[in-house]
Amino acid sequence: MAEKKKSGFVPGLLSGMATTARTAMRPAHTQHYPHEKPALPPRSRGVIALQHENCTSCMLCARECPDWCIYIDSHKETVPPATEGGRARQQNVLDRFAIDFSLCMYCGICIEVCPFDALYWSPEFEYAETDIRDLLHEKDRLGQWMATVPPPAAVDPGAPAESDQAGQTGQAAAAPEAVKVILVTDKVVPEADS
Ligand code: SF4
Ligand code: SF4
């Protein structure tokens, strides 16, 4: 301690100024956000987007969400038979789909469990609000995020072509059609016999 006192005010000041000058010349390690946008990976978990046409109101995402922050309301409508002599059917109609991002922990479970590809990750992250209630995104707002969802990742160059897979298994070619059938039939629930 006695040694330090002897070093004096001026040498200490010069040493401090030298340190400041050295630091000022170094390149900055911080980004000037929001003037500079971060280069995020395309599959970043920013916000969840909803393709509401695909949603069948099956409630799977709402049931699996660990935070209980997905709110879904729907009603049933009777659809006339597609062909003459057929039976009228009932169809789920989505009235409300909302996610409260003030509760969401971005685990992605809802996206993983959705059997109908109605939910997607968007890398968009600039939706901070000054009022926490505005973090409740309703169906229309969730739908607007779809425009920011990146296209699916390219297939691995080493992966066999789709036509090769179809030839090997005899099933792959039929798979897309099978998905289509599920989409239609699951939206349309047969009317229960009374
Ligand atoms: S990401 Fe996780 S916490 Fe957020 S809505 Fe989906 S399931 Fe719920
Ligand atoms: S799991 Fe998918 S289809 Fe089912 S309610 Fe959720 S978003 Fe809609």
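Please read every residue number as a count from 1 along the shown chain.
Glycine too: its Cβ is placed from the backbone N, Cα and C atoms.
Keep in mind that TrEMBL annotations are predicted by a computer and have not been checked by a curator.
Between the stretches 1-25, 126-150, 151-175, TrEMBL puts its region 'Disordered' entry on 151-175. Cys65 ([4Fe-4S] cluster 2 binding site) and Cys55 ([4Fe-4S] cluster 1 binding site) have their C-alpha atoms 16 Å apart, to the nearest angstrom.
For ligand 2, the binding-site residues lying close by, meaning a CB under 6 A from one of its atoms, are Cys114; the full candidate list was Cys65, Cys107, Cys114.
Cys114 ([4Fe-4S] cluster 1 binding site) has a Cβ environment of 20 other Cβ atoms inside 10 Å. The record gives Cys65, Cys104, Cys107, Cys110 for [4Fe-4S] cluster 2. Within 8 Å of the mean position of their Cβ atoms, the other Cβ atoms in that chain belong to Ile48, Cys61, Glu64, Pro66, Asp67, Cys69, Ile70, Ile99, Met105, Tyr106, Gly108, Ile109. Within 8 Å of the Cβ centroid of the [4Fe-4S] cluster 1 site, not counting the listed residues Cys55, Cys58, Cys61, Cys114, the chain contributes Thr56, Ser57, Met59, Leu60, Ala62, Cys110, Val113, Pro115, Phe116, Ala118, Leu119.
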